[in-house]
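One structure is given here, and the rest of the page talks about it.
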Amino acid sequence: MENCSDNYTNYIPNVAQNIEDLGGWVSVGILGGVTSFILFCLYLYNVRIYIMENPSWARRHQAWITSLPMAISFLSMSSFFVPRAAVTCDTVKFTYMPFIMVQFVETTLVIGGGEKVLLDDLIRRNTQWYRLTLPFRIVQLCPFTITKNLLRWIVGMIYQAFVSQLLLTILMAVLEHAQVLQRDATNVAFSTILILNMVTFTVGLFFFNVLIVGLSAHLESKWPKFMGKYYALLCFIFVQKAHGFLISIFTFTNYESPILTWKTLDAMASMLEAFTFGILFFLFFKDVVVQDDSITHTNDSAANVVEGPLLPPQPVINELASP
């Protein structure tokens, strides 16, 4: 197979050229298509479970969360076969991940009964939170007591990751079309946006860990395998970011792969990771929410269920009454 230059600013092969260059490696993309279809079927099965067995206020967010491996797999397969779509697919992929983090946060708040119910329960239990918790709670450092303002600050820092990624992506596209930015490490504008992107996402991931670990004691009985769900999502995002970062280092140094382009290797790794974690997502997220009839799930904006008529009752006019 011919080695294509990995500097996408100089040469991007079309689909026919890419397939010719891939040679026997096309079978990897075909296998990725099969695994993507399997993930799609598993996703539909999970959605069916949510519709049939979950309360209405808990369906939508879980459907979004479990779509992540399937979406990553299809995006990576597109990048594998269509190199000219690689930048667009990567942009969607790395914007979609913080969006799913937001959906996970929304799910925990809704299942917990809303912000007020969660706070009351945390204060009553005098739950200890930690600023730094390593996976599986091996080490927990810097304890603090949660308050309403702190809870809102933590949630806000998670939401900013998605908003920041979206705004930085739009800014990068605008500057690129204005010929101010080039996707090269030597370009100041690109390097600045890349650093901001990494910082904002890392901050969001840090507070995401603080929030979920802090709420785990409250939610493990209401959402079975809660921490398993969390670690599956966290590890998937971390692995995607880590290997993407390594690929970008090789790309920026213009070091050529002896066999495949780095973008192709990135797509292959993403498809493998998506299938592996897609199976884990299926195993963890198929467990439905345990309903608690003592909690009314109407406090959260994401779970507004209309309990009564939309309009107030109107007085009955007796048309037969005499004037």
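Residue positions begin at 1 at the first shown residue.
Cβ coordinates come from backbone N, Cα and C, glycine included.
Annotated in TrEMBL:
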{"type": "TRANSMEM", "residues": "25-51", "note": "transmembrane segment"}
{"type": "TRANSMEM", "residues": "63-82", "note": "transmembrane segment"}
{"type": "TRANSMEM", "residues": "94-114", "note": "transmembrane segment"}
{"type": "TRANSMEM", "residues": "153-175", "note": "transmembrane segment"}
{"type": "TRANSMEM", "residues": "195-219", "note": "transmembrane segment"}
{"type": "TRANSMEM", "residues": "231-255", "note": "transmembrane segment"}
{"type": "TRANSMEM", "residues": "267-285", "note": "transmembrane segment"}
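In this chain, the transmembrane segment (267-285) lies close to the transmembrane segment (25-51): three or more C-beta pairs between them fall below 8 angstroms, excluding pairs fewer than 6 positions apart.
Long-range contacts of the transmembrane segment (94-114) within the same chain: residues 57-58, 61-62, 64-65, 67-68, 71-72, 121, 155, 158-159, 161-162, 165-166, 169, 197, 201, 204-205, 208, 211-212, 215, 218-219, 222-223, 229-230, 233, 237, 240-241, 244, 289, 292, 295-300, 302-303, each at least 6 residues beyond the stretch ends and with a Cβ under 8 Å from a Cβ of the stretch.
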